[in-house]
Each structure stands twice: as C-alpha cells, then as structure tokens.
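Chemist: Below: one structure in structure tokens.
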Amino acid sequence: EGDIALRRNAILDETARWKFPIPYILTDSLDLNAKGVILQAMEMYRLKSCVDFKPYEGENTYISFTKLDGCWSFVGDLHEGQNVSIGERCDTKAIVEHELLHALGFYHEQSRTDRDDYVKIWWDQIIEGKEHNFVKYADDFITDLNTPYDYESIMHYRPLSFNKNSTVPTITTTIPAFNDVIGQRLDFSAIDLQRLNRMYNCTSTHTLLDQCAFELINICGMIQNEEDDADWVQTLSSAGEDDHTLGGRCQDAGYFMQFNTSRLVVGSSALLESRILYPKRSRQCLQFFYKFTGAPGDQLVIWTKTDDGTGNVRKMKKVHTIKGDGDESWKITHVALNVREKFRYIFQGIVGSAQLAGSIFIDDISLMETACPSTTWMIHNFTHLLLTSPVGHSVVSERFYSPEGYGYGVRLYPNGRDSLSEGYLGLYFHLCSGENDGVLEWPSADRQATITAMDQDPDVRLRMSSSRSFTTSSNNKQNWDRPMKEGTWDESCQCYRGQDFGWSTFISHKQLQRRSFLKNDDLIIFVDFEDLTHLVMSEVPIIPKPTSAIKQPVLESGEHHGSSVEIPKHRRVRSAPGDPCWPNPCLNGGICVPRHGSASCRSAQTPLTYFSTSLLFKFIFKESH
C-alpha cells in the first residue's frame, strides 16, 4: 500500500541506546572554551543521572565533539564513531546538554504526537525550506515515556525559531503564560531528567552522595553522638525562625536542625553525624546553609570520620571551622572533604559565650563528588537593590582569589548595562591586582572564567542554575595582563581592577522570579577561574575500523544562539537536503507527497488512500544560531 517502513527512534529501539560510560574525543577543532563547557555538561549528567563518559581508548562506538557548522547531533548510538558539533556560539553548558540529549535518543519537545494540544505552529511565518523542523511524529515512532508535555524542557524550541519576521513567532503556546517559558537554556527540566532516568533505568546518580532538607522525621539517617553535651533538634519553622528550604512560606512545614546554645557552659558541644558513605572519587564538596543567632563566639566545626584501616569508621579529622559574626541571616558555604575511603561527615556546634541566648542552624545539605566552587558572592536584600538601581548602575564584589592565586572580581548590573539590556541581569568578570602578581603568568591566557547564578532548589538534581563561561587569550592583553598595568585603582578593595568581560543579558528578571534564584531575597553567585592549558591539545587519534555502511541522514534543525536577545542566523543545510521526500521513503512503488514538512506516502494503485508519518532514517539535529 506504499507504507513508510517505520524505523523506531532511540527511545523505542533499545539497540540505539548507549552503554555507559560513553567514550568521547575532544577534537582540536573545538574552541578552548567549548572543551571546558563540554566537561562541565558531562559533570551535570553525572550529578543528575546515571549517564557517564570516559576518554576514547579505541572503542567501536564513541562521540567525537567537533566544531562544524552550528550545533547538531545524531539521535541515538550509531554503533560507530559519530560527531556532535559544538560550533560557533554553541559553547554553553545548556546547549551541550541539549545536543547530548539528542545523542542519547531524544527529539525536540514540540515533535510530540500530542503537541497540537499545547502549542500552535504558524506555518506561514516559517522561513521557506525550514518547515521540516516543525514536523510532529506518530506515537509509534516516538514515545513520551508516559510524561506530560513539558514547556520547560531544554529540548523545546523558542517562539522565534526560524521566523521570517524578527518579531513574529513561529510557535506559540496554547496557554499564553508559557510563551515566556519555552526555549529556556538554563539546564535540564525536572521532566527532562525523569525521561532520561526512566529511559536508561537509572536508580541513582554518579556523583551525588547525600542530600538532606530535614523534612522527614528520620533526618536522612543522621545520628546524634552519645558522648557530647547536647543534641541537635529537628525544628519546625516559626515566626522569626524560618527554615531555608521553604523560607517560611508554608504553614506547619519547613524543618531545619538547631543546636540551642542557651543555658550551656562555654565549650559545650553537640555532634550530628551522617550515615556511613562510600565515595567513588577522591574529592567531595559539602554544600549547606547555616546561620547563627546569639553570641558571635559560637562555632560550627566540620569533621570527617574515616575508616581507620581495620574497617572501623573512627578516624577523626577537623576540616573547617565557621564562627558566628553577628549576622543572623542564612548563608551558604562549601567545604572540600577529599576522602577516599568510607566515612561520615560531622557537624559540631560549640558554645562560645554563656552571656547571650542563641542557636546554630543548618539546612539544605548536599554532598557531591565534584570540585567546590572557588568563590561565592552572596548578595542580601536583592529586591531592594533591583528596585533602587537605575539602568547602567553597577555594584562590584570584593576581591577573590583563584586556586592559582589570581585576584579577580565580578561586576553586577541589576537592571542591565544599557537600555538594550533592560529587564536583564548583567554580570561581568575582571582581574584584580593581588599579592601573588609577581610570580604569576602574564597575560593569564587559556583560563576559563565561569559565572553561575544559583537556583536554590533544595534538591541539587532539580536546580536550573544559569551558567556562562569564556576563556582568556594572550591576544587580548588589555583584559588579561597585570591589572596594575591595564586597570583602574579601586579604594574599596585597595587594588587595581581590570576591564570587564561578560554578558549584558546574563539572565532575565522573569527567570530570576520564576525559580528559586532569590530565595530569602538572596542572590548567590559562584565564580571559577581555571587553567585549561591541558586541553589546548586534547585530540587523540582514532583507531581505524572496518568501513561500515554509509547512513543517509536527514537534517532537522534547531535553534541556539549566543545571547538571549539576539535573533538566530539560519544557515542553509549543506550536508543533506531538507525535502522530506528525498530520497523516496515509500515502499512498493508508493508516491511521496510533502505535507507540512512530513512525507505522505500514497498508494500507486489507490491515489486517494495515503498514510502520513515521519522520515525513517537516522536524524541529525542541527541547531542554528
């Protein structure tokens, strides 16, 4: 009858699913920043799923990250080496995550069979020849894995994708409020992760060891030490003593752990110990929120208790000490543990003064087998700053130091740097003169600066933080030479600040308000400045394999661009035609007729009977910018 021979995609075809870890190559065609961003994206997969990667060592199947025309990927494991292109202006963590989801077997969200219930495609506004990017697929070709339509998916198109008119959308949502949501490029959505983990039968992640918001009565398996002077108590939020998880927004909900230091003699302490944990890596980062009320002399000490070599977890090591400073607001901190054997982590509260009533509080703990951020800049009362700052007004951070010893700072424009970026948060990085400048390498080339605005969701897997990166170059000495030569003196840090480099549209005010970026009215910024010299030459030779059959791809384009306010530049597909009827996919002499970007196969014997579906070949998803 001229039917299309359906070839199920990776979601339905288990043979197209990857075995972990996935071998990869970072080819030297990539920009240095792209190499660093790809590794960042891999760490997000390890933190939030069971997907893992390893450097290529001659395997038959692998991913070769390369810089070709735009951002694109094949769908599923081809069982041979396959490219993922991270081209010009594709080098952001979210775009790499998007392309890897294609490689892992996922199509764009608006390709779902039921998409017409949720979005409308304006066919007359689509650039001629790009209609095939808006096809929807039959439910025997793809599956939604029994999950609802996800406006927030990292795999969804933005409204202005492939549009003829720069201000007229090609795709809009049935519920108008979601027009500002589709096309987000922050991070995986919760449903993205649900599908990924369901498809690959993930029961745990690779690098999340422990987390606790203390909402359940078992307090995540933590135990009280029997030999201390007092106990930590699971406490319900109340007026004036709100937890961090919910910020006091919900009545009869929101718990934290509290050590009441009142009426105890100086030196008294309480110990709260985690369950026994089994690390896979040799580095861990303990992130948590804390606050002190009462005497400035109270202390919160972090310990590890490790295997003593006989199987007993008893070997104690003091790792970090925090002292109360009179500020009674919630703060965040990161503590590097660097443990190789089974262990517990311990919170010890110590009474520093018997003269004032007070407490020590902890909440929202996450223990990850990753590196800790080098720097945290926490801005309290951010709403007031937002309301009182005119466009173009900026605030600067204190001077921070990288692990290498470089001084640097961050400049924040609450309402944008100029009228073109109004409604956005602007964030810029600059070098600062510092105590180590006499021994450091100048200019500071091949370093990657990464700025992250933290989504403060208590579940680290569900955070959709905004992150951007760039790399420094010796060709731009005015930015990356010694700040004393190129910078301007600043009394606030008693240092020279170099020229700013960053993003005028780092994140929109709407995105800041939608998620938990401003919990307790605090904006939290992480900054890293890392040496990527070891990645300058990263490509390894491919071990030749027998030539396999050449697959004919059909390109399905997407949309990615470097700035959230720029219009994507659409490039003509050169490596495969956009005609859905070329080559003819119909069997038994069927006649192929294009209909809204889909192939419609009509029977040669019965012209009035036809069956419409999608093309059958391996797809490349090409992200235009």
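Keep in mind that glycine also has a Cβ here, set from the backbone N, Cα and C atoms.
No curator has checked TrEMBL annotations; they are predicted automatically.
Given the structure is predicted, the values throughout are model-derived calculations rather than measurements.
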Chemist: Hey, TrEMBL has Zn(2+) bound by His98, His102. Any idea which of His79, His108 it lists too?
Modeler: His108
Chemist: Can you tell me the CA-to-CA distance separating Glu99 (active site) and His108 (Zn(2+) binding site), as a whole number of Å?
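Modeler: So the alpha carbons of Glu99 (active site) and His108 (Zn(2+) binding site) sit roughly 10 Å from each other.
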Chemist: Please count the residues of the region 'Disordered' (466-485) that DSSP assigns to helix (H, G, I), strand (E, B) and coil.
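Modeler: The composition, in the requested order, is 7 helix, 6 strand, 7 coil.
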Chemist: Among all the protein chains here, how many other CB atoms are within 10 A of the CB of His108 (Zn(2+) binding site)?
Modeler: 25
